[in-house]
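Here the structure is laid out as structure tokens; the discussion comes afterwards.
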Amino acid sequence: MQHPRDILHGAQAVTLLPVCDHYCGVEALMIKSLALQAEMSAEFGSCVFDVTLDCEDGAATGDEKKHANLVAALVNQALSATKNIVSDKLQRVAARVHPVGHPAFEQDVDIIVGGAAAGLCHLMIPKVETRADVDRAVQRVDQAAAQSGRTVPLPLHVLLESPAAVQHAFEIAAHPRVQSLSFGLMDFVSSHGGAIPASAMGVDADPGRHSLDQFTHPLVRRAKLEISAACHAHGKVPSHCVVTEFKDGALLQSAARQAARAFGFTRMWSIHPAQIRPILQAFAPEAQEIELAANIMQAGGQADWAPISYGGKLHDRASYRYFWQVLQRAHQTGCRLPAATDVYFSDFVSTPCH
């Protein structure tokens, strides 16, 4: 039987990334986050969330160089700690540098990429406005990576935070070095000069009030949909913004589920350790959907992926592709999978760091 990943291709090749991207910028929290990532990788059998070490919001003014050196050291420590670990349990560690127009951008890249490129799974570039910003970032990143000896191009994730950036979402997503687009909600709202209410930066716990929150305000909804659509058009990963109500796990999980089911996001930011598991749960398929997917994939594989009838419904390669994606998402989120699916993931390799 041919492996589904080899034959069930869509119009766009889709990159598989952990569904949660956890941000931290304080030294103690960065260390704790890396430890938590290792613990949960052991628990779930694979790396279920990325850790992004933050320079943009983590570095105090005047301490940018010191903070960049700290980030580089932590990346290298994480890499050393996983040298003898199989690939799908590798820690996935990234860094967010300052924007390309910031005086510390080149310094961040030279220190972090130049000194720790082998341990980075990607680099986050904030406040990207145009494709030209990506080109500028790529040039500096590649120079630093070459000096460090990295031969595989380092993927870039970019953060769109303004109306102008959202307008260029499709052009930016089309860039071959961009792996993922994220939506910067807070800056997007504030860039409208008060035209969007503060309520649009949060999540309304009572939908019956019909307030304009981040899922219902028309301009914010439009921006999210534009970014999601741009990513899906070019086979990139749309990553949803933070939810600041981190103490309300049920509200967070509801918001994450809405981001995934209604807006097409396949990944989401976390800013507190308590947010990680609710995000994993929200992006995970339901148990009955996993069971259905496993049964259909097993039947399809036995038919060499020719059309079949299952449960009185026709299934062909289009539906096989959908249910294969269900199983992949279940694996990414640490779900228990039926034994029949073991053959699909026995040689699973996550997106590598190097």
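Along the chain as shown, the residues are counted starting at 1.
Glycine is treated like the rest: Cβ placed from N, Cα and C.
Taken from TrEMBL, the feature substrate binding site applies to ARG96, GLU161. Using a 10 Å radius centred on the Cβ of GLU161 (substrate binding site) and all shown protein chains, the other Cβ atoms total 25.
Under the heading Mg(2+) binding site, TrEMBL lists GLU161, ASP187. Take the CB of ASP187 (Mg(2+) binding site) and look out to 10 A: across all protein chains shown you find 17 other CB atoms.
For 40-236, the entry in TrEMBL reads domain 'HpcH/HpaI aldolase/citrate lyase'. For the domain 'HpcH/HpaI aldolase/citrate lyase' (40-236), the model's average pLDDT works out to 94.
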In all the protein chains shown, the tally of other Cβ atoms within 10 Å of the Cβ of ARG96 (substrate binding site) is 26
Quick note, ASP187 (Mg(2+) binding site) and ARG96 (substrate binding site): C-alpha atoms separated, nearest Å, by 16
